[in-house]
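The structure that follows is given in the form of structure tokens.
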Amino acid sequence: MKLKSVFRSVLKYRKTNLSLLLLITYSIITLLYIFDHERYKLNLPKEDEHPEFNDLLETAWGDLQIITASFHPYTSKENDKVHDYLLKRVLEITGNSSFASVSDDKESERSILFQQQDPFNESSRFSRVTYFESSNILVKLEGKNPEEEGLLLSAHFDSVPTGYGATDDGMGVVSLLANLKYHIKHRPNRTLIFNFNNNEEFGLLGASTYFDHSWSNLTKYVINLEGTGAGGKAVLFRTSDTSTARIYQQSVKENPFGNSIYQQGFYSRYVRSETDYKIYEENGMRGWDVAFYKPRNLYHTIKDSIQYTSKASLWHMLHTSLQLSAYVASNSLDTADQTPACYFDFIGLKFFVISAKTLFYWNCIFLLVSPVVAIGLYLISRDRMTWKSYSWLSWTRFPLSLAAGIIVQKLFSNDIIRSNPLTFSRNYFWPISAFFTQVIFTSYVLINCSNFFFPCADMKSLSIIELFIILWTILLFTSKLLYSSDYRYTGLYPLSIFFLLSTIAAILRLLALALGMRTRKRLGRECRDHHSNYSSHSQIDMERDGQENLEQPQDQLTSSQDDQASIQDDNVSTTSAGPSHNVDEDHGMDSSSQQHDERVPLLKGSNSMEEGLSTRENSLKLEYTDYAWIIQFLLIVPIPSFILFNSVDVIMDALNHTVQEGSKATFDVLRFGMVGSILIALPILPFFYKVNYITISLTALLFLISASKTLLVHPFTNSNPLKVRFSQNIDLSQGNAASVHVLGREGNFLKPMLQDLPSIKYSSTHINCTSVTNGMELCMYDGMQPNLLSTNGNTNISSMVKVHVLHNNRNSTERSPYEPIVAELLLEVKENRACTLTFESRHQAKSPVREITVYQKKNSAPQKANITKTIKSASGINELQLHKLDFDQETYHIGVQWFPKLLTDGNVEDDKLGTKDELSVSISCYWGEYDSESVVNGTAVRKIPAFDELINYAPLSFSFTNEQKGLVIVKDAIIL
């Protein structure tokens, strides 16, 4: 019996037991979190156990070291060196394989001219035409069953001008090489195409060019490897549908990592990035976008280097892609279910998938069945007189305490906005922790204050029922969102899981009441309110408790007395000050009322019909009331808390650094933090009012620490820097001044940093900082002249870009007023790969340009010196982007056709039609090499000294990236 007494004491609903169980729960969640984030680092293949995998990893790491030795954007000569190295490696791997073929776009001089929407801004109405000369390297491995739909594996080998491209996308490229090496040894059943593509960074152009290749007709599926962060684990960022998600589930058995929350966030444009997967998806392919996703403040900076990543990160991407490609290459695929997928992994051990449409149907079932069951059980318990009636004060305690916590949270968020709005960039844990502790602490204080004056029995069960009602409302709203989005809101699944488990807990309580001991009188109110100065328990309840005490066996007497003492000791209403209302929360009884209620019989041992309850029935009731809370706790707290915490962490981990990208992103991150902390708090709120003083003291202490860290600590450090965008602009139409543009977040960050630069503080250079859109700040100053070319004389910037008008018939008398105007330009640019022409008419709202022609020079076909590509657009063309490979080819030859104003508005009475038909052309040409030198008058000088100065003298709490596709932009303008 002593063991039983200990067991009952440990499991009884007491403050200490509850607090200990909460501690254990959160400790387990913390350990699982650490395990999830660290386990992949311990799974590298060992040479003695997996020699083939070890060789693939070591070879890939060596390849990565070579291709990330320098910056290699499309606009640099280093880009060609990376291309040549990859081509050499591809030829080495394929060797004399009978089923392998290699195609080099650079050798075949492949180019495309096409119209595209801005791939990084879907809301843009700017009509863009792009000319691109490709240097993609494609490899075809013909499968044993070539009639099966093929698989494309893709990664891009260009970097941005300010990054080495280790993660973006060097790891993807060397993973493709490893996959190629593996499949050469293990011939696939279906045909595989490998696309080592170029110039993803400035328009996803390598992927677009793929569909100009005849091999594109062989592939239906795609695995795109990308890096939109700087290391960590490679996540299944998005996938086409439920079928492809299940293929990932079936193939990636070791260290799966994916979450459809990322997919919803990406499609909702909370992340301002894109990958080649967008192009493949738009062209009807189905597949998987596997990418690194954090941290974004190192993404596209000098820290995207091999020093800031690891073999563990490389192996995670390589092994994931290898498992997936091997499965797809060798198995028949079930691709019937093309509805969007909800998916997530459990600490890298198990991957779960459900169709978003199926989830919606289940939500509908939950929404319909759960209230019917709950109401039915309520009616049964009321009919059996086992329902405990609650006052309106009792019903409002839980929701009002939750509302008060949200209000306090909102007030605190206002303090964050005023004092430290970018704090999430440094560490999102502290603000989330502050929000979370605010909610639970406010709930604790209000519920216990209410219970002090108006005691309520069974507050826990009432709160669980109210939580069920709140979650039912939330699930109704989210289900509507899921349906209206055509099932693309794939990140809402955690709420369905939370609702299901909370519903089970609430139904169990209602079921216990419905099946409870029947009485002949309705139970009175269980909660003392301001309308009554006595407890209104029915006589039957009190007599029944008395009978229970009389009928207990003698050998259980000591245990029973201990239990009763613990109940009174832990009661939420017992206090040393104020009214002494000792409410037995499990038995629904105010012990003090027994002395004052005239309905209480003088003899508790009365043998009346109402008191004739068996010892067995009372024992069962006591057993339920003692231990049922554990079942409710285990249903509501551990699993929902882990899933909700993990979901919030997933969101914040991907988005916290986006606060640097504008005030809108800052608001989004703050909003996600507030809502996320409420969701994390909800599972424990029905229980938290009963924790002991140590737990609540630690909660208050954690809030004070979190709040101070959130409000007072500087948001940027060496490991979490502020990312600033750089460009140096030279407008030849306004002189040769080399104006440096530095773009970053408002908040007195940029100007103090710039004022400390030697070239500024020793020359009194003026810095002009102005606010631009979306909470950003642009600072401009005249910087040191760039040295873009090697020369034996003085560098003349004006000679870098020259525009020659070869033909223009706007004022020709031979042209009819109704005839389109035609002009031909020769754009002379030295050692350049990228330029942009922008067309604008001062007298027409839309661009009048309807046709663009690009005249190409083919090195392999000198007899066909001018090969033309032409594109037409009825809606007008605003911009022409030019990308060429040959640095020695110093000209772009362009033809432009535009409509006269007479054709667009039909105003024949306008006497200035000639002037109104003028077309303004703005030219911008880009240079992206900075980590190299030019030789000027026999002396080696840095190409972009203004950028070098920023890198060398700015505090380590700043990182730098390019504002546009080049670091130096030379501009000019003409009127045709």
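Cβ atoms here come from the backbone N, Cα and C positions, even for glycine.
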Which of HIS72, HIS83, HIS300 does Swiss-Prot put in the same Zn(2+) 2 site as ASP168, GLU201?
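Of the residues offered, the record points to HIS300.
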What does Swiss-Prot list, out of GLU78, GLU92, GLU107, GLU226, as binding the same Zn(2+) 1 as HIS156, ASP168?
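When Swiss-Prot describes the Zn(2+) 1 site, the candidate it includes is GLU226.
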For the candidates ASN17, ASN571, ASN768, I need the one that Swiss-Prot annotates as N-linked glycosylation site.
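Residue annotated N-linked glycosylation site in Swiss-Prot: ASN768.
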Among ASN96, ASN448, which is the one flagged in Swiss-Prot as N-linked glycosylation site?
ASN96
I'd like the number of other C-beta atoms within 10 A of the C-beta of GLU226 (Zn(2+) 1 binding site), please.
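Summing over all protein chains shown, GLU226 (Zn(2+) 1 binding site) has 27 other Cβ atoms within 10 Å.
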What does the DSSP secondary structure composition of the topological domain 'Vacuolar' (413-428) look like, as residue counts for helix, strand and coil?
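Looking at the topological domain 'Vacuolar' (413-428) with DSSP, the answer is 11 helix, 0 strand, 5 coil.
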Which residue, out of the binding-site residues HIS156, HIS300, shows the minimum number of other Cβ atoms inside 10 Å of its Cβ in this structure?
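Ranked by other Cβ atoms within 10 Å, the binding-site residues HIS156, HIS300 bottom out at HIS300.
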Fewest other CB within 10 angstroms, which one of the binding-site residues ASP168, GLU201?
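Result for the binding-site residues ASP168, GLU201: minimum number of other Cβ atoms within 10 Å at GLU201.
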Within 8 Å of the Cβ centroid of the Zn(2+) 2 site residues ASP168, GLU201, HIS300, which other residues of the same chain have their Cβ?
SER159, VAL160, GLY163, GLY165, ASP169, GLY227, TYR299, ASP304
Give me the CA-CA distance between TYR299 (site 'Transition state stabilizer') and ASP168 (Zn(2+) 1 binding site), in Å, as a whole number.
8
Which whole-number mean pLDDT does the model give the topological domain 'Vacuolar' (413-428)?
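It averages 95.
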Using a Cβ cut-off of under 8 Å, list the residues of the same chain at least 6 residues beyond the topological domain 'Vacuolar' (413-428) that approach it.
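Counting only partners 6 or more residues beyond its ends, the topological domain 'Vacuolar' (413-428) has Cβ contacts under 8 Å with 297, 435, 652-653, 656-657, 659-660, 666, 669-670, 673-674, 709-717, 720, 722, 745, 747.
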Compute the mean position of the Cβ atoms of HIS156, ASP168, GLU226, which form the recorded Zn(2+) 1 site, and then list in sequence order the other residues of that chain whose Cβ is within 8 Å of it.
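Everything else in range on the chain: ALA155, GLY165, ASP169, GLY172, GLU200, GLU201, LEU225, GLY227, THR228, THR275, ASP276, ALA291.
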